[in-house]
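So the structure is just underneath, and the comments pick up after that.
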Ligand SMILES: *Cc1c(COP(=O)(O)O)cnc(C)c1O
């Protein structure tokens, strides 16, 4: 199967090989060394400010989102939540579950955040945003958000789960207090690990705040992380795969080169479907995914035929959009040939009158 979803995605052979062994024991200096290198490579790639730290949690990306809401924010905060789709909605739900005082800023599906929507919210203390709202494919205007937060001294927490590597992200320049991501998106390894880069400002918050959880505690993760360890048994193999993948990125021209490769896969795909009956859903697409509205037939049916007859996975949308929107991912180990196979399959479907 060719996998053009947004995660889990296809891994490179070198990364797959890492998992082809029994899981090694991890309370060892050798594993600690790997973890310290993982932390350093991630902070370098994000261009995190000096004295930042990165914690690794054995959870899917949502665990990192929840950990931020629990450990960085507190009862005293007034939080802005940008909600333009299902991942924005997830931050809303997390704030509700944890009793945060928040204001929801709703963006229409597929539409960019506008400056006017932030007017009147200058007195808030923190802002939660999914840099790329993966459900709609909108890459938010992070310069707008960053300027607003800097000007009003608002702590910016960025879910970059599907933007990291694929889109440009400079944590220091953005002034983000925390940036989080997960293993199964553009990192392109097995699911199981989420990670959070924390600036000195966020670290201070974590230190001050009362500990309200154990498994997702940043305090515990930070303390153990000082010696390259985790408080509890982590997804060891996924962490080893992350190490391999980060090394490969570093050795192949760095994160900018990898971003360029992903951007090129996305552009080739978008150019290649201009003659097909699809409308682009997002007015500001990221490099990670293309959200499409088929004008002739059901999105569900396209997804099913691609899977059953062409052995290609693309991504469905949930809820009300299941019939009207599907998404094609551009992250993971997608070659030019793979991309062409997908384009050929869609054109063949068109010829067969199935689009
Ligand atoms: C994938 C994703 C998540 C996390 O999803 P999990 O299934 O918990 O890994 C969160 N936010 C965004 C923007 C995502 O793309």
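We count from 1, first residue shown onward.
Here the Cβ of each residue, glycine as well, is placed from N, Cα and C on the backbone.
Keep in mind that TrEMBL annotations are predicted by a computer and have not been checked by a curator.
Noted in TrEMBL for the protein shown:
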type: BINDING; residues: 327; note: substrate binding site
type: DOMAIN; residues: 21-314; note: domain 'Aminotransferase class V'
type: MOD_RES; residues: 185; note: N6-(pyridoxal phosphate)lysine
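The local packing around residue 185 (N6-(pyridoxal phosphate)lysine), expressed as other Cβ atoms within 10 Å of its Cβ over all shown chains, amounts to 28.
Just so you know, the Cβ of the residue listed as 'substrate binding site' picks up 25 other Cβ atoms within 10 Å once every protein chain is counted. Computed over the domain 'Aminotransferase class V' (21-314), the whole-number mean pLDDT of the model equals 98. Rounded to the nearest whole angstrom, the C-alpha distance between the residue listed as 'substrate binding site' and residue 185 (N6-(pyridoxal phosphate)lysine) is 14.
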